[in-house]
Each structure stands twice: as structure tokens, then as C-alpha cells.
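Enquirer: Below are the features I grabbed from Swiss-Prot:
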BINDING   HIS567, HIS571, CYS669, HIS673  Zn(2+) binding site
Amino acid sequence: MKELSSAQIRQMWLDFWKSKGHCVEPSANLVPVNDPTLLWINSGVATLKKYFDGSVIPENPRITNAQKSIRTNDIENVGKTARHHTMFEMLGNFSIGDYFRDEAIEWGFELLTSPDWFDFPKDKLYMTYYPDDKDSYNRWIACGVEPSHLVPIEDNFWEIGAGPSGPDTEIFFDRGEDFDPENIGLRLLAEDIENDRYIEIWNIVLSQFNADPAVPRSEYKELPNKNIDTGAGLERLAAVMQGAKTNFETDLFMPIIREVEKLSGKTYDPDGDNMSFKVIADHIRALSFAIGDGALPGNEGRGYVLRRLLRRAVMHGRRLGINETFLYKLVPTVGQIMESYYPEVLEKRDFIEKIVKREEETFARTIDAGSGHLDSLLAQLKAEGKDTLEGKDIFKLYDTYGFPVELTEELAEDAGYKIDHEGFKSAMKEQQDRARAAVVKGGSMGMQNETLAGIVEESRFEYDTYSLESSLSVIIADNERTEAVSEGQALLVFAQTPFYAEMGGQVADTGRIKNDKGDTVAEVVDVQKAPNGQPLHTVNVLASLSVGTNYTLEINKERRLAVEKNHTATHLLHAALHNVIGEHATQAGSLNEEEFLRFDFTHFEAVSNEELRHIEQEVNEQIWNALTITTTETDVETAKEMGAMALFGEKYGKVVRVVQIGNYSVELCGGTHLNNSSEIGLFKIVKEEGIGSGTRRIIAVTGRQAFEAYRNQEDALKEIAATVKAPQLKDAAAKVQALSDSLRDLQKENAELKEKAAAAAAGDVFKDVQEAKGVRFIASQVDVADAGALRTFADNWKQKDYSDVLVLVAAIGEKVNVLVASKTKDVHAGNMIKELAPIVAGRGGGKPDMAMAGGSDASKIAELLAAVAEIV
């Protein structure tokens, strides 16, 4: 077996499959493009779903890739085991309706065992297979695999909901008896026992059925096009080929671990407690790649995942004695390890470091809050005479504050308290069940549509015309091909068409189809791409249509021009965002409609009003500069040399269109555009908002809609000016400001009067001092307008030695507000209010010196006040 670096393994994999006629698919962005069913790209096949479900036919049915992936359903196990990771690389080879079982197994065996390639010893390889899949068993035997090395497994059948499914055969490497201390042997495989001896290095899925949850597996229909989908983990291959005990001792992780050693002053012990090193090394890889691909830490979705990873890594850094921000210092090391295939981490190093450091600094403040929360929980246990920290509270510390369970356990036990492990496990399981349910909900690839996949007739979209005559090639009605149709709805394919099929954020054209007499025979309501790329016209049929007949196709020209204004403006907006807020503000989604444009982009905070003003100004300057718009067809590499902005994650064919707007914007784009930027007329941003963690959205209008937006604003301003009696529009702001200042002065005067009234009332309240258990206290109901007045009472009380404890209750509307203040260490205000609040059907909490609560039962106020003497 060859000893190769991870980069050599990856390259040898790709080279082998290229030698078998496969095209190399570049690794896609970790953030899925146009796939709402996935939070992350989580496998090599995830980006190829459109090929497997038949919605798109690839140019080459043989594909290979090395795909960066993220899976986060098992974060808590990362660092504990030898092979769990959040971010990993999946090497794959795929056949879309081309070769099948025989070639997949034979070539796979060749790659693994040939001296020209990986050169694995054959006697170290074991294969599992689905018991009913005798063909795979026989093919392995034909390759020279001993029958004793083939293990039938009932679970070797791959399916996720409806869609492509089939048996799979897995390949394992035997690391020997040293990794099997109990000498269990092949039963480890047969019974699926977790072990370190037999390492799964490759899975070959034989996708031959359309799974249907409504019928038994034996009744699944065969796919019209059988597929091969395989996955081999680079980290596992590297561990085996580099003789590493775990994935973490490979060249993918050890350089990071060495840097952590320098930062911590601790030494990584492969046989000792090294969990924190592993967690940090794993999580910083995931963070670096995900942030580089446009995901940002936040409170929801993938942003929450990143925040959780970062916080877990920081806490493990603290366990190693690293108490300052440090994760951002590891980003260059991650970039250097992966540079040969993923140069983007080093290219975006400054931005990634900035985001990681900023998030670390924020978490440092959160840790203080979490520590305070734990202190409060422990104080509450002490007050209640309990000795166990509940699982739900441990989970909240873990989930909300990022506290590892081990840290909570350590601090709680140091304080003399036990841990409710079962309660924590229950809360954790509930969260995992919710997460897994969400994944399964949209995880299937969808059923193949044989009718659409069978369309092979050529069809060409003509960019530069709004009307043309063309022959009708295909009619599909009720999901069946037919020669003619006279009513209802149908799908049509023409030899050529002026109708743009929806793609790249640009909506489809609408229009009409006419016969040779000039009569409209169909209305085009939508156009989408067929699996083989032909524009597929959805039409409402008004009169007879037949295959082979020529028709005149006319698009709605006015609508197309309105869409083009918005599409061209989108390119200008994208460039302006780069110039004003930074290169990281890349497209995360777009929609170019007739009435407006919508542009989503990656950014870590709201765009300020001043920045929006600059962006709007810059776009309009380019419109007024009357820039010529040109399109060029070329290959991707030439386009990039021209400076074209490729949208990371998008797939481009051999020939791409480059849209250039003067010297201001150059992008790869297959959409339609104006001839000159001046045709846009006017550009106006109408809204900027956040739509998810690290993603912002701008909605803008152009041309007539932009003019109307400005006019509507002017009308609103005129109305305001009239209301405040401003002589001219320019005076309206000053008038509004004067009214605001006057209102503020009146509110201040009113507050001062309230304070004086409260002080006068306080004089009476503070005279009623009682004593119990050696503690002086005041317990009184007061008549105030809001809860803030209670705090004013407390502030006045603190100024003099009226009593040790103050308890105030006020009925405000339908609510009861309670305040407890304490000057003595013998009475904890927060604990006391937790006993008082339930009396008025409320709850609350606070600090030792001040606490507040809210309730709903005003009839029990007297009972609450009477209880103070007992509780104090």
C-alpha cells in the first residue's frame, strides 16, 4: 500500500476516474444553491441531485469529484471518537444512466489494489453487500475477492423517502488484531459493532429503483436510467494509508494540532486525553470553509450551527488553558493544508479571521453571562435545599451559552452538587429528533420523469429577437407525448424560441403562439428547462396545435424589457456592494421580476443608511454614464481571465456567456440584458433587511417603478409638512425635530413631577417598618402608573437606612408587579421573590440586592404582603 499525502490521495482519485472517461466536477459551495431541503452540502452526491432525479441530463454521464461537506447531527461526538467530523471531504464517482454494477465494482477494485494506483493489499479488504444482491457478490468474486471476505448485511439498501434507491456494497480495511482486543473478528462487521479494526473506506450505491413509501420494497419499479453513486471519505483513506491511529493523526489535522500545542503550552498525547485538541482542529476547519463560502455565525439555521461550533471550540481552548481569543490564528494553517485544491480559504483569509475573532470576542462576553446563570442556578439549589442540577438547566447552559456538559459538571461538583445526566440526555435527544425529522422531511431526490428525460429533440434559444417562426417538435399533455392537442394545458418544445426559460434568477418570458393565419392558438404562461436543456413552454391551448407545423412565437416585449432593466441593475448593484461594503458581499440569491428586483447577499450586519445611500448613488451614476453592455461567449477560464465574477456554487458548461457593463461590471450570466445602462433610467432601493444568519436582502425598483417610489415618498413628505405647518418641504425636518424636542421636554417635566409625587408617597411608605427574625422590613402596596415607579421607590429607599428589606406591590392594569430590594446578606432578593411571586400567580427573579416579578392575581396581594414576615 502506498503511503500518500492527503493531497496525493485526492489527486490520484480524480486522475483514476478521469482515465475512465469521467469529467471532474469542482467542489461546490458548502451553502446549497437553489436547494431549500439542505442546510449544508452534506455529501458528494448532494450537488448532483438534479442529475439523479432526471430533471437535468449531464453533458457527460460519468462524473467524479472531491466535495467538501458538513454534517452536524452528531456534534457532541466530535473529539470523542477517531472518525467523527463536522467538515469532511467525500471523494466520489458517479454514473448517470451509463455504466452500472460491473464496472463500478471492477474499477473500484482496480483503484484500490492496482500497483499503479493505491496498491492496497487484497487480503486486507472486506466487502459487505445486500443479501438479495447476488450480482454484487458474484462480481466481487470475479475480481478475486475471497468468499470469506464478503459479508451479507440486511441494512445494505440505500433509500431516503421517494426517489432513486437500491442496494449498496461497502468496502472495509482490516487494521488487524491489534485493533480487536477481544478478538471478535468478522462478527464486528456482521453485527455492525462499533470498532476500530474494520474501517469503512468506501460505499458504492447501486441506484436502480424508484423508491415508493406506499409499496413494499419488492414492488419498487426499476429506474429508466440506473445510476452509480459512491462515496469515500478522504480523512479515512488518509488515516489508513498514512498508518495513523485516528483521522486526527493525519496531515489533514496534525498541523492544526501542532499550532494548538504552541498556543496552549500543552502536548497532544495520541493515547491520552486529547479531546480538546481534536474538537478545536475539527471545528476550525468547518468554520474556515463555511465562512469562506458565505455562511456567518448567527442565531438560526446554519448560522446557529457555526456559532455552536465556535463556542464549543473556545470552551475546549479554555480547558487547555487558552483564555484569550485564539481560533482566528488557526485559519492560515487550515488554508495552507488545503491550498492545493481549495485556495479560497487563503484568498479570503482576512475576512474569515475577522469574523472568527469578532465572534470569539462576543462569546467571551457570553461566557460571563453563562457563568452568572450557572451561579444563579446553584444559588437557587442551595436556597431550596436541593443537591442535583436538573438536566433541562444543563441543556440550556449547553445549548444557549455553549457550555460543554463536562464544564458544567466540573463546576457543579466543585460546589458540591450532582448532575442529572438522564435529564440532559433526554433534552438532547429531543433536539436531535427534531433536527433529524427536519432532514428526512425534504431529503429525497424526487422521482425521475421518464417522459421529460426522453426529450432529445434539439431546441435553441435566440437571445436577440422578440418574435420568430419555428417548427413545433414536441407536445406533452397529461405527461404523455402526443402528435396534437386542442385544449387544456400542454408542454411544448420548438426547434428554436425567443422565450427565455427561467434561470439564474431571471423569470421566464410570457407571450403567445400564433398560427399561419395570425390567430393566437396558445398562451405561454411559463418556460422551464427540460432535463436535456430544451426550453419547455407551458401553454394554455386555445386552438389546435400539431407536431411538425410552423408557428410564430411572440414574447411579451414590454415585460421582457422591464425584467431586463432589473436584471442589468442587479449586476450594477452586485458590483456596487463589493465597492461599498466589501468583496465578501457575494450573491446568495436573486430574483429579477417585471416590477422589482430582489438581491440576497452575504454580510454580517445590517447595511447602514449611509452605505445604502452610497450604493444607490453609485448604481445611478453607472446608469447616467450610459455604459455599453456587451456579451461574449467563451470558456470559463478565459472568462475568469477577463475578470468575470463567477457565482461560487453555480455550475457552468463548457461555453459561458460573459456580460460586461462598460468597465464597471463583468459577470458570467446566461440571462438577457439591455444594450446600454442608460435604458434602466433610474434605480431606487426600497428595502434592506436580514433574511437569515449572515444573509441580507435588498429589494429595489427601476425605471417607472423607481420614479413612482420617489413620487410616493415626496407625497408622504408633503403630507408631513402640511401636518406640522412647514412653509416648504425643506423645512419639514426642522419642524418635526422642534416638535420632538418639545415632546421630550414635556415628558421630562412629567417624569420629574412623577418622581416628586413618588418621593412624597415614599415618605409615608417608609414609615411603616416591621421586624421579623431580626430583619427590619417594609412591605406595602403602592399606587403607581408603571413598574418603573417601583424602581424609583427602591432608589429612594437605598439613600437612607429605612430598613434592611423592601417589598413593594402594585396593581397596574390587569397585572401585579412585585419588587424586592435587600441591603443585608441574610436576605437574597432573587430567592425571596421566587417564593412571593407564586402567591399572585406570577414568577420572577433577580440579583441578591434587587429582584422583580409579574403576576396576574391581584386578589392575593394582601396574602403576599402578610407572607413577607414568614419568608424574610
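The backbone N, Cα and C atoms fix where each Cβ goes, and this holds for glycine too.
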Enquirer: Would you list the other residues of this chain near Zn(2+) - those whose C-beta lies within 8 angstroms of the C-beta centroid of HIS567, HIS571, CYS669, HIS673 - in sequence order?
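Expert: Result: GLN506, GLU564, THR568, THR570, ASN592, ILE629, VAL659, GLU667, GLY671, THR672.
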Enquirer: Near CYS669 (Zn(2+) binding site), how many other Cβ atoms are within 10 Å of its Cβ?
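Expert: CYS669 (Zn(2+) binding site): 27 neighbouring Cβ atoms within 10 Å.
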Enquirer: Taking the Cβ of HIS567 (Zn(2+) binding site) as the centre, count every other Cβ atom within 10 Å, in any protein chain shown.
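Expert: Around HIS567 (Zn(2+) binding site), other Cβ atoms within 10 Å: 26.
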Enquirer: Taking the Cβ of HIS673 (Zn(2+) binding site) as reference, which residues of that chain separated by at least 6 in sequence fall under 8 Å from it?
Expert: GLU564, HIS567, THR568, HIS571, ILE629, THR631, VAL659
Enquirer: According to DSSP, does HIS673 (Zn(2+) binding site) fall in a helix, a strand, or coil?
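Expert: For HIS673 (Zn(2+) binding site) - judged by DSSP and reduced to three states - the answer is coil.
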Enquirer: Please give me the CB contact count at 10 A for HIS571 (Zn(2+) binding site), counting all chains in the structure.
Expert: 26
Enquirer: Which secondary structure state does DSSP assign to HIS567 (Zn(2+) binding site), in the simple three-class scheme?
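Expert: Note: HIS567 (Zn(2+) binding site) is helical by DSSP.
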